[in-house]
Amino acid sequence: MSNLPWLTLIVLFPFSASFLIPLLPYKGNKVVRWYTLGICALEFLLITFTFCCQFHLSDPSIQLKEDYNWISFLYFHWNLGVDGLSMGLILLTGFITTLAILAAWPVTRNVRLFYFLMLAMYSGQIGLFASQNILLFFFMWELELIPVYLLLSMWGGKKRLYSSTKFLLYTAGGSIFLLVGSLTMGLYGSNGTSFDLQILTNRSYPIAVETALYFSFLIAYAVKLPILPFHTWLPDTHGEAHYSTCMLLAGILLKMGGYGLIRINMELLPHAHFLFSPLLVTMGAVQIAYASLISFSLPNIKRRIAYSSVSHMGFVIIGISSITDIGTNGAILQMISHGLIGAALFFLAGISYDRTQTLYLDQLGGIAVPMPRLFTMFSFFSLASLALPGMSSFVAEFLIFLGIVTNPYYSLIFKSIILFIGAIGVILTPIYLLSMLRKMFYGFKIYQNSLFFIDLGPREIFISVFILLPILGIGIYPNLVLSLWNEKVESILLQYYG
């Protein structure tokens, strides 16, 4: 069993299964829905089995290695492997994608193509987190682009073509920098050409070259994460995408940028990361406060949640740039936590739109009476997003701030300024989230019509509860997931502290 190519099976299974969708009998959409849900559930079970039976938590090195020579003259290998950092994000991908497929049940137009794209996206996301070859990393990064663009342009709102084109231009522009950086890193050096991440870990560069490489990769990640000022595609995309697509965008796609920042910039380019860290910490703090202010002023629910995502990604930037094990652990935990909370909020925003046919807060009000279950779930996830103690985001944000405080390289004045700016965002978060709840669920704006609204059904309650459980579990017992990547974080930071 241990000799099986587990990771290749995990990466290729959803994509391979998607090609059987056109062969399914044309008996309505039910067959395609259940087939896709079954494939995603089997994939998640395969990931869980691999994690439980083949993966060793105490080993920070790359495990389950697979290396196949794919394109010889390009030194392009199908090179896969996982450690605690990537395994946590792969588990998140499997969990969120399975629930997103279930959330997409109301989709009725071009269902076969829709689910084909969802499965292709599934494979691309897992392939990126499992890649141990920087060209394969780039290939998986680009593989995401096509399904997301089509999902946006075909199943989005009224401005779907504008938002999908904007997403395409931003992401493709960032990908150019990723490709240039990947090729330069692989071709540079006297030890021969190699794109293997494990070999590149031991390769050193002149500081000018390392800085240029770092900046090139940073531009690509700044688009996906996103980092100001490369964030403007995000509100447009989330505002127009179907809520099942939003679950994948907020839950997984944004985490690709944070993962790349740790896996490549922090691990392979430590000297440049040390130089860029004060700037990134400053940008992260400004992003938290700026996005919180913008979110408070927006009347559109999905755009407000989108800007809250930008704000929460600011914490990830600060944690990664704190250059401490506490802060980096907090950043990874924040990625997992936001992946769950962001997916849940967009799901609930989407199903509230299905019932009220509006996303604008000034057109809502009083719907807590006919839809108490929706109100309860929205309240839980809003409290989780504002980092209520006992929720996963509270632990993540606390660790990130503690990481900044314990950094031995930053001055006391710098730490105080960062904490002050970050605190502004922390204070604004409950203001814009609780005001959103008040405007949606209280008052009498549409109370008379709301008597005919249908509350959450069993499928929607199932999705909401299953996302809420890990948020509470991690909040109560953080070591449930911190033990996954703690050893890996310590091994990365040895480069900085020896």
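Any Cβ shown, glycine's included, is placed from N, Cα and C.
The transmembrane segment annotation in Swiss-Prot covers 37-57, 87-107, 111-131, 134-154, 167-187, 207-227, 274-294, 305-325, 331-351, 386-406, 417-437, 461-481 (among others) and is backed by sequence analysis.
Remote same-chain partners of the transmembrane segment (167-187), defined as residues 6 or more beyond its termini with a Cβ less than 8 Å from a stretch Cβ, comprise 75, 134-135, 137-138, 141-142, 145, 148-149, 152, 193-195, 200, 203, 209, 212-213, 216-217, 219-224, 230, 232-233, 236-237, 268.
Residues 225-228, 231, 234-235, 237-239, 250, 254, 257-258, 261-262, 266, 273-274, 276-278, 280-281, 283-288, 290-292, 294-295, 298, 331-332, 334-335, 338, 342, 345-346, 349, 385, 393, 396-397, 399-400, 403-404, 406-407, 409, 418, 422, 425, 429, 432-433, 486, 489-490, 493, 496 of the same chain, all 6+ positions outside the transmembrane segment (305-325), place their C-beta atoms under 8 angstroms from a C-beta of that stretch. Across 37-57, 87-107, 134-154, 274-294, 331-351, stretch 331-351 shows the highest tally of CB pairs under 8 A with the transmembrane segment (461-481).
As a quick check, the transmembrane segment (417-437) and the transmembrane segment (274-294) clear the bar of 3 or more Cβ pairs under 8 A, pairs 6 or more apart, so the two touch. Sequence-remote contacts of a segment are chain residues at least 6 beyond its ends whose Cβ falls under 8 Å from one of its Cβ atoms, and for the transmembrane segment (111-131) they are 7, 10-15, 17-19, 21-22, 24, 29, 32-33, 35-36, 39-40, 43, 47, 79-82, 86, 89-90, 93-94, 97, 100-101, 104, 137, 139-141, 143-144, 146-148, 150-151, 154-155, 197, 244, 248, 252-253, 256, 259. Here the transmembrane segment (274-294) has long-range neighbours at 211, 214-215, 218, 227-228, 231, 307-308, 310-311, 313-318, 320-323, 404, 409-410, 414, 417-418, 421-422, 424-426, 428-429, 432, 496, meaning same-chain residues at least 6 beyond its ends whose C-beta is under 8 angstroms from one of its own. Below 8 angstroms of C-beta separation, residues 10, 33, 36-37, 40-41, 43-44, 47-48, 51, 55, 114-115, 118, 121-122, 125-126, 129-130, 155, 242-245, 247-248, 251-252, 255, 259, 332, 335-336, 339-340, 343, 347, 350, 354, 459, 462-463, 466-467, 470, 481, 484-485 of the same chain, each at least six residues beyond the ends of the transmembrane segment (87-107), sit close to that stretch. Note on the transmembrane segment (331-351): residues 85, 88-89, 92, 96, 99-100, 103, 238, 242-244, 246-248, 250-252, 254-255, 258-259, 262, 301-302, 305, 308-309, 312-313, 315-320, 322, 359, 374, 377-378, 381-382, 384-385, 391-393, 395-397, 399-400, 456, 460, 463-464, 467-468, 470-471, 474, 478, 481-482, 485, 489 of its chain, located 6 or more positions outside it, place their CB under 8 angstroms from a CB of the stretch. Tertiary proximity for the transmembrane segment (134-154) is limited to same-chain residues at least six positions away from its ends with a CB under 8 Å from its CB atoms, namely 74-80, 110, 113-114, 117-118, 120-121, 123-125, 127-128, 160-161, 163-165, 167-168, 171-172, 175, 178-179, 182, 185-186, 195-197, 200, 220, 237, 240-242, 245, 248-249, 253, 256, 260, 263-264.
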